[in-house]
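Engineer: What follows is a structure written as C-alpha cells; I'll ask about it next.
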Amino acid sequence: MNHTSDTALLIVNLGTPEAPTAAAVRRYLGEFLSDRRVVSIPPLFWKPLLHMVILPIRGPRSASKYAKVWLQEGSPLSVYTRRIAEGLTQHLPDWRVAWAMRYGAPALTKALDALQAQQVRRIVILPLYPQYSTTTTASVQDVVEAWCKRTPQVQVECIQDYAEDSAWVAAVAASIRRHWQAHGRSEKLMFSFHGLPQRVANNGDPYPQRCQVSASLIAAALDLNESEWVLGYQSRFGAERWLQPYAEPTLWALAESGIRRFDLVCPGFSVDCLETLEEVALGFSETLAARGATMRYIPCLNDDPAHVQALAGLAQRALL
C-alpha cells in the first residue's frame with residue numbers, strides 16, 4: 001500500500017536554543033522550565049523565581065557552555081535530529097517524515113499542523129527518548145493529545161519507548177564495539193543516563209527501571225559481566241535528591257579505588273547534545289584527569305545507519 005499521501009512519521013526531540021547566546025538560552029529555558037511535567041512547583045512561586053533569578057543567572061552561564069559544542073550547522077541536537085529525519089526518508093519512502101522539538105523550534109504543534117495541511121491521515125509520533133519518563137515522553141504526549149482533540153480526523157499513534165528494542169540495543173552495542181576496536185578497551189564501562197528527582201520515581205515514574213533494563217541488555221549484548229560495567233545518573237539540577245548513583249562521583253570513587261581507564265556511553269540520549277558533549281565528554285574527562293584517570297566518551301548513535309534503521313522499524317511496527 002502506498003502511504004505517500006496519508007501516513008507520516010514525526011520524530012520529536014527535547015529542544016535546543018536557536019543560538020549559543022544568553023538571550024536565546026533564556027527563551028529556551030523559559031519554555032522548558034515552565035513545563036509542569038519538568039518542574040512541579042506551583043507557578044505562583046516558581047514563575048517569579050524562574051524569571052527573576054534562575055534565567056538571568058543560567059542564561060549567560062549556559063550560553064558559554066553551548067558555545068563550546070556548537071557546530072557550524074547549528075546546535076548538535078538539532079543537526080543530528082534533522083539528519084535522522086533525512087535518513088528515515090530512505091527507509092520509509094512511502095511515508096512523509098518530519099521532525100520537531102518539544103521546546104523551541106521547530107515547534108511540535110506547528111509540525112503537526114503542517115502534516116495535517118498535507119492531507120496526512122495517520123501519524124506515528126516517535127519521541128526520541130529510549131526510556132519512558134513522565135518528565136519527557138509524557139510531556140510530548142500531553143501536546144499531542146491536546147492537538148488530537150481539535151483534530152479528531154487524524155489517527156495518531158505515539159510510541160511509548162524503546163528501552164529494550166532489539167535493533168536499538170544492537171545498534172548501541174555495535175557502536176561500543178567499534179569504539180573498542182579503534183581505541184582499545186578500558187577497565188570499566190559506564191552507562192550514564194540523564195537524572196531525575198527521586199521524588200518523581202517515588203511517585204511511580206518507571207524511568208529508573210527502564211534505564212536499568214537498557215543497560216543490562218546492552219551489557220549482555222557485549223558479553224560483559226557485572227564487574228565490567230556500572231550505571232550512573234548525570235545532569236542533576238537543584239538541591240533535592242535525584243536518582244543515584246550520581247555518575248561523576250561514582251567515577252571519582254572508582255578512580256580512587258585504583259581504576260584508571262574508563263569508557264562512558266549515554267544510552268538515554270538519542271543524539272549528542274550539551275549534556276553529553278559539554279558535561280560528560282569535556283567535564284567528566286577533566287575532573288577524572290585531575291584524579292589521575294582517563295575517560296573516553298563514546299558518542300551517541302546520532303544518525304548512525306543502524307540507529308536510523310531501528311527507528312524506522314519502530315515506526316512500521318506501530319501501525320501493525
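Glycine too: its Cβ is placed from the backbone N, Cα and C atoms.
As annotated by Swiss-Prot, Fe cation binding site applies to His194, Glu275, with the evidence given as sequence analysis.
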Engineer: With H, G and I counted as helix, E and B as strand and the rest as coil, say where DSSP puts His194 (Fe cation binding site).
Structural biologist: strand
Engineer: Inside 10 Å of the Cβ of Glu275 (Fe cation binding site), count up the other Cβ atoms and send me the figure.
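Structural biologist: Other Cβ atoms within 10 Å of Glu275 (Fe cation binding site): 22.
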Engineer: If one looks at the chain holding His194 (Fe cation binding site), which residues at least 6 apart in sequence have a CB under 8 angstroms from its CB?
Structural biologist: Tyr233, Gln234, Ser235, Cys266, Gly268, Phe269, Glu275
